[in-house]
Structure formats: structure tokens, C-alpha cells
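To start, the structure under review is shown below, and the notes come after it.
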């Protein structure tokens with residue numbers, strides 16, 4: 001519980017991209033991201049290893065891979081701009097790097113939404129010591 005509280009405090013205090021990603025997830029899924037996704041499966045949250053546990057965890061795996069392709073900015077901290085039109089997220093701005101980060105986040109938020117029916121509470125706070133399968137490549 002303490003880790004969850006610390007994560008919540010850190011994310012609320014961030015003015016850059018992590019707070020934006022949180023808002024995007026909330027908009028697309030209706031779920032509170034810190035509670036529902038920060039420690040989900042083997043790939044949601046910090047780091048990642050092993051094989052994704054389900055479709056939601058795979059969203060995080062793909063998101064990590066997407067971040068791995070971004071060059072020229074810091075995907076976790078650089079600020080980007082986006083708007084929401086008719087329920088769709090539109091990434092904006094002139095900076096190609098931060099726009100790419102926004103597109104990674106948008107794809108993950110949509111993936112979470114599209115997999116809400118298979119979301120499993122048992123993976124909400126899944127201990128990574130159980131992520132022992134060979135790690136997949138992007």
C-alpha cells in the first residue's frame with residue numbers, strides 16, 4: 001500500500017508526460033490508472049520482463065517497445081500536447097519526438113480500452129518475481 005501511495009504522490013506532482021498519460025488512460029477506460037495499471041502484470045508500470053500475462057499486459061509490453069523506438073527526447077518526462085475530439089485523442093505539436101511519445105501513449109490507452117472485458121483483477125498488483133518466462137523481443 002505504501003508503494004501505491006508513493007506512486008500516486010509522484011504522478012500527481014508531475015507536470016510532464018506521465019500525468020498526461022494518466023489522463024489519457026482515465027479518459028479512454030474510466031479506470032484510475034495508478035490503481036488499475038501501475039502494477040498490472042509483468043509489463044505495466046516500471047520495467048518489464050517475462051511474457052505478458054494477458055491482453056492488457058501486452059498493451060504495456062507494446063507501449064514499452066514503442067518508447068524504445070523514440071529518439072531525441074525522454075518519453076517518460078517530456079511534455080506533449082494533445083486534444084480530445086468526439087472521444088478520439090489527437091496528438092498535436094511541432095516536435096516530432098514528443099508527438100511520437102503521444103502516439104505511443106494514445107495507442108496504449110486505446111489498447112487498454114479495447115481490452116477492458118479481459119482485464120483481470122488478479123494481475124492488478126502482480127509481483128514481478130512471477131514474471132519468469134523468457135522475455136519477448138519487441
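Cβ from N, Cα, C; glycine included.
Take the Ca(2+) site that Swiss-Prot assigns to 43, 45, 47: the candidate from 54, 64 listed for it is 64. The Cβ of residue 64 (Ca(2+) binding site) lies under 8 Å from the Cβ of 43, 48, 138, each of which sits 6+ residues away along the same chain. Residue 64 (Ca(2+) binding site) carries a helical DSSP state (H, G or I). Annotation for residue 44 (disulfide bond): same-chain Cβ neighbours under 8 Å, separated by at least 6 residues, are 37, 38, 56, 57, 59, 60.
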